[in-house]
Amino acid sequence: MQIVHTPRELKEARIALKGSVGFVPTMGALHQGHLSLIEKSKEHNDYTIVSVFVNPTQFLPGEDFEKYPRRYEADKKICELAGVDILFMPQPDTIYSEDEVLVKAPHQKGYVLEGHFRPGHFDGVLQVVNKLFHIVLPTRAYFGKKDAQQLYLIQKMVQDFFMDIEIVPCEIVRDNDGLALSSRNVYLSDAERKKALLISKSLKRAAKMVQSGILDIQEIQKEMQNILQDLKVEYIAFVDRDFRPLQKIQIGKTIILVAAYVGSTRLIDNIWL
């Protein structure tokens, strides 16, 4: 595995790759969810590139940028064992410059839900992903469905900017107890982790209600709120695949999303129906 630290080094390494290239952008603290993306990339492509970069522009003031878990040596070992071809580990000053040309999230879809509670977050996400795409020039890029709104906005950016990149959505990976894997799960105490399971429990309950023929969103939302009453819920949302609000469940087109605080840790999860 080759490890590079600057865009120039990565571009030089990329030129030598003859064949399809899969790309898995991450913020590090790699877990089984990230590994599932890497495995998909290796399955689909001749080469796989992974980036580990805690992107400062997607954190709001007062968020956890400084304490976000950084495990660079462990991440290197994980990528090497997974068969990654190139690992890109840049510093912010190699990615960003002063007074940059900016990529902005669309107002209607980028400033609702996650974008409402974290205004400007998706500006930072799209800015860095756009840069990474231009450096890596991947054939395909892999993103988890857990960050569903991010996935949608990246797909839209690729479409709107006529990028010749296939975005591959990948299923949410969960622990045996149902908790969606997240690098932020390390913040949870044992008691908080048990509470966090209420999020996936509420989504499973919603899915069962839909399977039983209940399509009324208010009824499903009320049931979910009852399950989540011990958490500080920011939103429970029902949207279609293009992140338009729904008035009624549409089978095969619905995403139910939850964002909630468990103690001081903010978690998100969703289910695609």
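Each residue, glycine too, has its Cβ placed from N, Cα and C.
Here's what Swiss-Prot has on this protein:
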- 27-34, 144-147, V173, 181-184: ATP binding site (BINDING)
- H34: active site, proton donor (ACT_SITE)
- Q58, Q150: (R)-pantoate binding site (BINDING)
- Q58: beta-alanine binding site (BINDING)
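Sequence-distant contacts of L30 (ATP binding site), defined as residues of its own chain at least six apart whose C-beta falls under 8 angstroms from its C-beta, comprise V52, R71, A74, D75, I78, C79.
V173 (ATP binding site) counts 18 other C-beta atoms within 10 Å of its own C-beta, drawing on all protein chains shown. The CA atom of S183 (ATP binding site) is located 10 Å away from the CA atom of the residue listed as 'active site, proton donor'.
Within the same chain, residues at least 6 positions away in sequence whose Cβ sits under 8 Å from that of Q58 ((R)-pantoate binding site) are H121, F122, D123, G124, V125, V128. Sorting the binding-site residues Q150, S183 by the number of other Cβ atoms within 10 Å puts Q150 first. Distance between Cα atoms for G33 (ATP binding site) and Q150 ((R)-pantoate binding site): 16 Å, as a whole number.
With a 10 A radius on its CB, M27 (ATP binding site) counts 19 other CB atoms from all the protein chains. According to DSSP, L30 (ATP binding site) is assigned to coil rather than to any helix or strand. Between the recorded positions H34, K145, H34 has the most other Cβ atoms inside 10 Å of its own Cβ, all protein chains included. G33 (ATP binding site): 20 other CB atoms within 10 A of its CB, across all protein chains. In the three-state DSSP scheme, Q150 ((R)-pantoate binding site) falls into the helix class. It is 9 Å from the Cα atom of V173 (ATP binding site) to that of H34 (active site, proton donor).
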